[in-house]
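To start, the structure itself, in structure tokens.
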Amino acid sequence: MSFRLKTILGIALIEGVLLLLLVYTSVDYLRKSNEAEILKRAQSTAVLLAAAAKDAVLSTDLSTLEALVDEVARETQVRYVEIYGDERVLVSRGDLTGHQEAYDDEAARHDLVAVEASITESGYHFGKVEIGLDTLALSSFIKDASLRILSIAALEMVLVALFSWGLGYLLSRNLLQLRDASAGLLSGDPHVPLPVRGNDEIARTAQAFNEMVQRVEQRTSALEEANTRLAAILETATDGYVLMDTQGVLKEVNPAVSRLFGYDASELIGANVAVLMPADIARLHQSYLDRFLAEGDARVLGSGREVVARRKNGEEFPIELHVSLIEMAGERLFLGLIEDLSEEKRHEAEIKRNESILVATLDASRDAFVTIDMAGRVQEFNDAATQMFGYRREEALGELLEELIIPLEYQAGHRAGLEHFKATGEGPVLNRQVELSACRKDGSVLPVELTVIPVKLDDEMLFASFLRDISERKQRENELKAAKIQAEAGSKAKSRFLATMSHEIRSPLNAVLGSVTLLLESGLGKEQRLYANTAREAGTALLSTINDILDFSKIEAGQMVLEQRSFEPDKLVAQVLQILAPKAQEKGIQLASFINRNVPQHLIGDGQRLRQVLHNLVDNAIKFSSRGTVSVQMWIPDNHQERVQLCFRVQDQGIGMSRRAQKKLFSEFSQVHDGSNTSYKGSGLGLAICAELLKMMDGGIEVESTPGVGTCFSGHATLAISEEETIHFWHLPEHPRVLLLYPVEEVASLIKKQYAQYGVECLWIGNVTDFQDIARVSGRFMLIMIDDSCLMSLDARQCRLLREGYLFEDGNMVALVAGVRPEVQSMLDALGIKHQVNKPLSRAMLLELISTMPDEDAGSKLIKPDFSHLDGKTVLLAEDSPANQLVARSLLEREGMRVDVANNGQEACAMALDGSYDLILMDVRMPIKDGLQASKEILAVRPDYTILAMTANVFKEELDACIEAGMKDVIPKPISRDELLKRLAGWLPTEAAVDVTEPDIDLSTLLNEKVITELEDALGHQSVARMVQVFWQETEARLETMEQRWQEGDLRRLEDEAHTLKSSSGSFGAQTLYERVRVLEEKARSGKPEGIRPLMDEIRTLAAHTFDAMAARFK
């Protein structure tokens, strides 16, 4: 019988018993309650009737009694009614036959309920009333009710049976699944997880079963994997194993045994283990087995022993055998593990051989080998040690090392080192080479090179020391030091030679170039001017060669020192191109530049040396080009931080060079092109110097070139960001447009690229005829730039049409001119073009052309320097060379200066102390007394003198000596007229600077309204007003500090204060104050006090007017 059927029958039986009990109890309760109700009704009726009939019975009023009886008898359930009086029936109604039966028959009594009620009065019994009620209807009701209840119970049992069957199915279904899964698991079928529904006991049982099966599977898988792994290990193991019974019969072997002994597994299974052993070993093995079987002696079990085995081919070899006793299925078996010792034995033999060789090597080594223990006692002392130190091996072994070879001054350190190693396991001389002294047996000392290696042998720590006699090496080192000293002396001699040659060449060259300059300024004929220009070019080339040689000598000697000063990269590029513009113009080469907007206005580094690099590269590009464009581009990568990498590129369209030539390009005295071709003359040092200079700036240089196409030099230098103000006030109009008429696309593209970075739209056309193309040229422009090469294609009418059709009313038309050419000026006058700009164009020039406010700095580039304030100044010229005297005197007197000449330092001292001069020009090398000594003597008495050195020696030592002697500046020979006058103009104050008392201030230009408006847009009017108050308070305090610094004579700190005031003034739009403080900063930086006092007074007054203007602006 199934579990489901048992469940259904059990539930049905329980349900039936409970229903029968419930039906019986219910029917019985229903019958009794109805009978009690009928009886109660009958008694009530009898009592009421007795009360009603009381008077009639007493009066024997039968008619009344009959009427009452009839009334009662009409009730449906009243079978009979009797009224007695004095024990006789007075009145009766109904079926009186049932009355007697009710008393005689038990069944009748169940169908009838009879009650009586006494009629009493004052305690006397007068009669009674009997009433019989029929109960047949009640019995019928009880039977019907019982039948209905039994029917409902039967139906309920049927439904319960059905529901039980369904519930049993639901409950037993999971059990059946559990049974099927268990059966499947036993039969090895793959397990399918039981579905888990709900959270009852069966669901938890199913879940537990799943987990159990999963763990069983995991363990089974692990066991299978372990068995597989074990089988694989045994199958692939290099060591063999055999399984044999107590009779020595082999039951199982692994492949390693087959490989090891040369048998197939089939040959070994069933054979006696004796086949794997030599006869004597086999007999010994059999005796062990017999003893074990007879006595249980297991001495050979559980331990490994070395024995000799035999292969199938009869070869014997050593093995290590481990035998263990195991029981499998009640059978006792022996497991033997076999390890081939052949390789190990060979290795041991090799080690012994190597040890023998090592011992022999140590004995034969020229290096002493000494081993000591932790106590410092000698454990090994080879033959080289005996020869080096004079001790026999027997004398040294067991002795303290410090007593044998360690000098007295090292013995304490030796003992301390041993103790330190004992405590920490470390030592200062371990595993490294050190040089020290050692003692021989005879007491002599020799230098040795010592290497100590700690060696741990079992539990013993030893120190293996190798000592090499370095007496010969020390002797060679001393010889090398002497050679080095001699080489340095030679280098110094070379430097002295170069200094002397520099002086001896530069001094006459100064006279040559000065004389040629004076000739060119005089009225020469055409042929004479040609000869003079040729002489100047030759002298300049010679000077360039000398400078290259001196620079390379400085770099080679490590004497080149880079300055760290603030400079402006864009101005540097512009100056290089302006200087080389005439040379490029002669060859018809265009020059162009592009300075990325991310290049700061100021950087810290050696701007002069960077200018030298760019000048050399651009000069070479012009030299090796006969057409096209030479361009310079400069930018900074986006990933710069505190130090920036200033990158530049110089590109030309010249003759180019081959890859082979590029490899030797940066070598000294290297000339890529044919040395016999004089078109490309030079020293061959320029690019080598450029490479070394950039390397000193943590940068480098590379070249890419294609023959016949051109060359591109790319370089970079690592520089610092200056703290100076980097904001330049370019006041550009909104949506500016520029029209460029230029025939060279390369130059035009760089101009467009430069303008684009500042939001300026630049339209380029290559020739005049394109003006007629309405589709290309439309709208109006702030600026029209026309290259001078296009002027011949224009006439006055076309220029007027251009001005009227394309130019705004306040716009400008500008001609781009190469050099000063009278014919171009007359052409511009004819065309009605009033403005011209000299090429090449710089970033500042391009932006200034469309700026709404002129920039003094940008404009100053095109203005010839004014040296008029030098007129009337008195200068003492100390120079021993008559030729140089003539040249320098003529250059100075042409500017209106009065010049006195001293022929040596002694005359210079006398004339300087007796007279009064605005400035002294002092040659350094002069007879009787040199310029350095003369300057010291003059300044000791007259410290107010400004002395400038003139020297042909440009080495750092002499330049430093000039500054130490008190000279303010150094002018290198040969002297350039412009450079000389520029230096003098810088050190001699202008009259205007001295006479400034109360400046005439233009109040309308005090504030830069654009800057202030930008601040208000960004921060709000009220915030800027509060910030201006703070700025003014800070300015007042800073002016007081500047006054204090001036009184102290501390021009360097005055420069710092001026720099800070300049920055804050520019930030708040105090334009005029910014410009004047900038002048003060430059004067303080020069170290010259002349003109600073009146300028500070002007700045204080200007600051007050500026604040008044700001107060009115923000009221």
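Placement of Cβ uses the backbone N, Cα and C atoms for every residue, glycine included.
Within the listed segments 87-114, 199-226, 451-478, 871-898, TrEMBL records coiled coil for the stretch 199-226. Each residue in the domain 'HAMP' (169-221) gets a DSSP state, and the totals come to 40 helix, 0 strand, 13 coil. Within the domain 'Response regulatory' (874-988), the DSSP-based counts of helix, strand and coil residues read 53 helix, 24 strand, 38 coil. When pLDDT is averaged over the domain 'HAMP' (169-221), the result is 73.
The DSSP secondary structure for HIS1059 (phosphohistidine) is helix.
Summary for the modified residues ASP923, HIS1059: the Cβ-based neighbour count within 10 Å is maximal at ASP923. With DSSP states grouped into helix (H, G, I), strand (E, B) and coil, the domain 'HPt' (1020-1113) comes out at 83 helix, 0 strand, 11 coil.
HIS1059 (phosphohistidine) sits 35 Å from ASP923 (4-aspartylphosphate), taking the Cα positions as reference. Residues in the domain 'PAC' (432-482) partition by DSSP class (helix H, G, I; strand E, B; coil) as 12 helix, 30 strand, 9 coil.
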